[in-house]
Amino acid sequence: MGEIRLPRHMFLWCLSAIYMFAFASLYVQIPGLYGNEGVLPARWQLRVSGKSVVEQLKDSPTLLWFGPRLGLDTQQCMELLSLTGALLSLMTLALPVLRDCRVFLVLWILYLSLYQVGQVFLYFQWDNLLLETGFLAILIAPMKMPWSTKERLHDNVTFWLARWLLFRLMFASGVVKLTSRCPTWWGLTALTYHYETQCIPTPLAWFAHQLPVWFQKLSVVGTFVIEIAVPFMFFSPIRRHRLVAFYMQVLIQVFIILSGNYNFFNILTITLCMSLLDDQHVNFWLRRYMPKTESTSLQTLCSWLAVVLEIGTYAVLGYWSVRYFDLQVDWENKSVSSRTGEAFDFVLFSSLVVHIWIGVLSLTWEVISAMFKCACVRGVLWRLWNTIQWAVMAAATVSMFAISLVSKLPVSIEFMYKPGNVSAAPPVVAPHQPRLDWQMWFAALGPHTQSPWFSSLLHRLLQGKRDVIRLIQTDESQYPFSKQPPAYLRAHRYKYWFSKPKEDGSYPQRWWRRVYVEEFYPMVHLGDSYLEQMLDQHGLKVRNKSAVESESVIKLGHILNVDNLRGEQTDLKSICRVF
């Protein structure tokens, strides 16, 4: 990776703009969402308990606890924090001197404070992504001191974290579409539904919806290639690989922006893409051409080898796309057919292992390269100062990388009886009645608040209670979290139908087909304020606090996806998240 001073400046500038949009957008909605007469009054999340400020901050880290000491109620304090964040980010946007790690720390604390009481209206993926990106910006941004220099030899190490986050975001976005076993993604027909079923489509979405089916299917293929295969090019030692990956990622984000209103999500993703650039390419955009130097015979040979590797990489991508998506062109009817092959299961499993080792090797290279740069600094004191900075930042980067490895991709948690795995045949269990499976069927007929027991089910699964787990799987080897319970759970509702025989009269490989409907239960964890509120509300709270705390040491992060039967079916899946 070459010099990244300009891409780093662009990254921090864009993040300042995103913070400004996020704070300003939330500010105008606070009275209606979180005011005393709003939809979900935030004061409910900050009940006076007689605890000290330190204990309150441990329970829920938010600056809103200081509101009463300033004579402000919760709504006024939220508005003050939002307005402060919007103005500070605007100043950071306009004044380069404010793009300092301490300023980004303040912005991150302000947004985290609002997130803690935001409840379901701040539980979106982009809110979590902004908090994670904002935390990385604290490491990436410089700490401007009178004696500091413009050149920081550890910048490539810390900026690598943004590239790793971008990889995890895009790779997981592609893989989760397939691991969900949704027939529209496996059948490559998802975009024939997407444009008209998204939350807030744009006018261009209407025109995109009218495109022919073969084009929509090819677009899904392109999405899978860009989200699953291309991210591995982020860590390629060949510079042009990273640039091609940059433009492909930006391309898909621009298409999403044109067809749907996803607030700052896509802009934030493009901001993370800045980690794939270097000063040379940014100077090319600015028409600042660097003077060319004469290359040696060895450099010429290496450049030719790089070209061969580039061509080979693109050839492999093309072959991979044709083979695993079974692309076939019908020249007579002027159409293209495609489908997702079953071999994709093996490809996904293999890629999960490969991506970890690629991350390890890439980060090791960046850390060692920065170490050698520090060793070459002239002057004992300057060399020592740069080495100390390198050691601190390298340790922080390795720690963040290690934490991110806790995150795994979706793992099914299959019930023994109710439909879930679309390939599993319906069982015959009468006269036995699996009562939990039956109640899952009824739960899907309405919101989870009409099924108070569901909150208790999630609570017991988070605690890893064996008796409850055996209601889902008597064979604990079939339960993915038999050794350690999941840390984060949420529930999704799906609609299920029986599959149909093939045109030739043969039986299909899957018994079921399903479509995602909506989120059934928001993401929760042990001690989560929303989960605690639901348990309290229905008298299901365990009073023995010490017993609960003894069960609450959890290392793996997972999200529980639940769908329900009646045409709306529950299928337990977990997707790890890193915070």
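Using the three backbone atoms N, Cα and C, a Cβ is placed for every residue, glycine included.
According to TrEMBL, the domain 'Lipase maturation factor 1/2 N-terminal' annotation covers 123-283.
Per-residue confidence over the domain 'Lipase maturation factor 1/2 C-terminal' (412-522) averages out at a pLDDT of 85. According to TrEMBL, the feature domain 'Lipase maturation factor 1/2 C-terminal' maps to 412-522.
Same-chain residues lying 6 or more positions outside the transmembrane segment (12-30) and placing a CB less than 8 Å from one of its CB atoms are 38, 75, 78-79, 82-83, 85-86, 89-90, 92-93, 99, 104, 107, 110-111, 114, 122, 130, 133-134, 137, 140-141, 263-264, 267-268, 270-271, 274. The transmembrane segment feature in TrEMBL is assigned to 12-30 (among others).
If you look up TrEMBL, you'll see 80-98 (among others) marked as transmembrane segment.
The transmembrane segment annotation in TrEMBL covers 105-123 (among others).
TrEMBL lists 218-238 (among others) with the feature transmembrane segment.
Away from its own ends, the transmembrane segment (250-277) comes close to residues 4, 6-8, 10-11, 14-15, 17-18, 21-22, 25, 125-126, 129-130, 133, 159-160, 162-163, 165-166, 169-170, 195, 198-202, 204-205, 208, 222-223, 226-227, 234, 242-243 of its chain (Cβ-Cβ under 8 Å, at least six residues beyond either end). Annotated transmembrane segment per TrEMBL: 250-277 (among others), in sequence order.
The transmembrane segment annotation in TrEMBL covers 297-322 (among others).
Positions annotated as transmembrane segment by TrEMBL: 343-368 (among others).
The transmembrane segment annotation in TrEMBL covers 388-406 (among others).
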Problem - Among 105-123, 218-238, 388-406, stretch most in contact with the transmembrane segment (297-322) (C-beta, under 8 angstroms) - result: 218-238
Fill in the blank from the handout: Per the Cβ filter (under 8 Å) with a sequence gap of at least 6 from its ends, the transmembrane segment (218-238) is approached by 163, 166-167, 170-171, 173-175, 177-178, 185, 188-191, 211, 244-245, 248-249, 251-252, 276, 306, 309-310, 313, 317, 320-321, 325, 327, 336, 338, 351, 354-355, 358-359, 361-362
Exercise for the section: Count up the helix, strand and coil residues in the domain 'Lipase maturation factor 1/2 C-terminal' (412-522) according to DSSP, in that order. Expected result: 34 helix, 23 strand, 54 coil
